Amino acid sequence: MSAWQGVKGVGRAIGPAIIVASIVLGPGSVLTSSKVGCQFGYSMLWVLATAVLLMMGMTALGAFLGATTTRTPCQYLADTLGRPAAVVIGVLVFLIVACFQAGNNAAVIASIDGLAPARASDAQPADASEDNAETSESTEESAPASHTTKLISLLVLNAIAIVTVLGVRRLYRPLELLMMGLVLMMLIGFGANLLLVRPSVVEVFQGLVPSLPEGGDSAPQALWPLLGLVATTFSVAAAFYQCYLVRDKGWSVAEARKGLGDSIVGIALLGIISATIMITSAAALHGNVAPEQLNSTAEIARQLEPLFGPFASILFSCGIFAAAFSGFLGNALLGGTVLSDGLGWGSSVNDVWAKRLTVLALVVGMAIACYSTLAGKNSVNFIVFAQALTVIGLPPLAALMVWLGLSGSKQQRPVPIVLLVVGAIGLCVTLVLAARTLINLL
């Protein structure tokens, strides 16, 4: 076997987990990780580590279920409890995806916001108080154009995603290659930046020890970033989608057990990138920038200044756009495929109705973000809120995965007990997080 064949074999093995990681690691994850690092420093790294471990287990469980069962989760649910139960799960996943899509669209808006404020502040001299009226008038005149730019950007990006979904006959392989490339780019970019900010190694390890936020601050506004971090890392919906990806990949039962280790590698990359972003933000922003001042990526982009200097904001915005495309396409496919399966209209990403509902997911997410823009909502806060809100819909999905795992124990290839234990722990975590989110909302 040549070296290239070996690389291709590894890529084929970790492909489904890489796609899951790319779906989870969208622009919302980048912004949320940055905000948590800025607000809490290194102290909440243990929350990220816990979420990554749970995500590894749930993704492995999803892979095993996809390779060892003859029916998809929604098909099994329809045969066991009736089609309405499968429809409920499909709609639930679609709504979760809509929240994530809204966050991804808002992240694109935030990246655009990161360019304009810097130019405005540079253009206005310190002694321009006598020109306040003129400046204010100029700002008011430019605001509609700014909104127009944001909305056009969303339309263009979503149009590209829609054309890709409808124009490519077999989506899986191009999607897999795209996700691998984006993950590699983010890993190299943020990794190099991390080395240059020189974080405290001691504080990094201390942050892996469970502790409460400094000062015991448990106010809802202080906890939203943490809930958003968990929602964007421990995404049961993405792990649930692993069942479908493995089926599209054509994994055999023998490959499923090998896939357990490969899933760990794929999700570990997710954790490494998220931790890199959080640690970099903790080293560069914590104590220097108040979290509530992170109203645009212009502030968050400061973590790139050691590497890229004054062009940090522009390059960070480009990174947001790159992450956005992976999130747009993969996340929307998740919602469209599962809803199509729930309705009994097809369970493959290549099915006609799965593609049509994927387009619907793209449109819904874009519409919510457009409304947020026109209503003048803060993009970063909206992203964090939207990502945290998805926590509410996770318990039913976690429960379904555990149930499928227990049902599989009666088959020829029982699900490993360790995966069932992790699934049960994940279910408990989603219940606690959902309850806490509802309490904060009320």
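Note that Cβ sites are derived from N, Cα and C of the backbone, with glycine treated the same way.
Here TrEMBL flags 128-140 as compositional bias 'Acidic residues'. The region 'Disordered' feature in TrEMBL is assigned to 123-145. Feature annotation from TrEMBL assigns transmembrane segment to 12-32, 44-65, 85-103, 151-168, 175-196, 222-244, 264-287, 307-336, 357-376, 382-406, 418-439.
When each of the listed stretches 85-103, 151-168, 222-244, 264-287, 357-376 is scored by C-beta pairs under 8 angstroms to the transmembrane segment (175-196), 264-287 comes out highest.
Between the transmembrane segment (222-244) and the listed ranges 85-103, 264-287, 357-376, 418-439, the one holding the most Cβ pairs under 8 Å is 418-439. Looking at which of 44-65, 264-287, 357-376, 418-439 has the most CB pairs under 8 Å to the transmembrane segment (85-103), the answer is the stretch 357-376.
For the transmembrane segment (357-376), the neighbouring stretch richest in Cβ pairs under 8 Å, chosen from 44-65, 151-168, 264-287, 418-439, is 151-168. Between the transmembrane segment (418-439) and the stretches 44-65, 151-168, 264-287, Cβ pairs under 8 Å are most numerous for 44-65.
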